[in-house]
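Below is one structure, written out as structure tokens, with a few remarks after it.
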Amino acid sequence: MEVLIIIFGIILDRITKLWALKELSSGHEIEIIKNFFSFNYLENRGAAFGIFQGKTVLLVLVTLLIMIGVIYYFIKYRPTSRFMRIGVSFIVSGALGNLYDRIFYKYVVDFILIHYKNVYYYPTFNIADILVVVGTIMLAIFLLREGK
């Protein structure tokens, strides 16, 4: 099941990013909810919240090391919690989605923008980012419930 989640997450991320490249990269913005939610193309050459700008090689290496660590953990410990395995699968699919962008584009395609008028703008993000955040929350809940 975890492999299917990872594959589905990567496919969903790729489809939405290809759509953003085609429809939004020319500077076109699609407003979904006026003054609150829109699709707006951004080439993110860093990590979350714009940190590590221009450090593509570092980000690729860190992502690869983390993926190797996760695979090692799953092979060695074979976790039994379905909730935890699903959460980690979300994290892996999101990480691999953004890794693909970094390797092939040298930046990550972001396009989801939440803002309040012109007063506040949350950093632009993508489906892979959502998967990583949801998976991390699930993993944290699992760890808190298990007391480990």
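Placement of Cβ uses the backbone N, Cα and C atoms for every residue, glycine included.
Record features (Swiss-Prot):
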type     : residues : note
ACT_SITE : D110     : active site
ACT_SITE : D129     : active site
TRANSMEM : 57-77    : transmembrane segment
TRANSMEM : 88-105   : transmembrane segment
TRANSMEM : 124-144  : transmembrane segment
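Cβ neighbours within 10 Å of D110 (active site), excluding its own Cβ and spanning all shown chains: 21. Shown in sequence order, A48, G94, N98, D110 are the residues of the chain, 6+ apart in sequence, with a C-beta less than 8 angstroms from the C-beta of D129 (active site).
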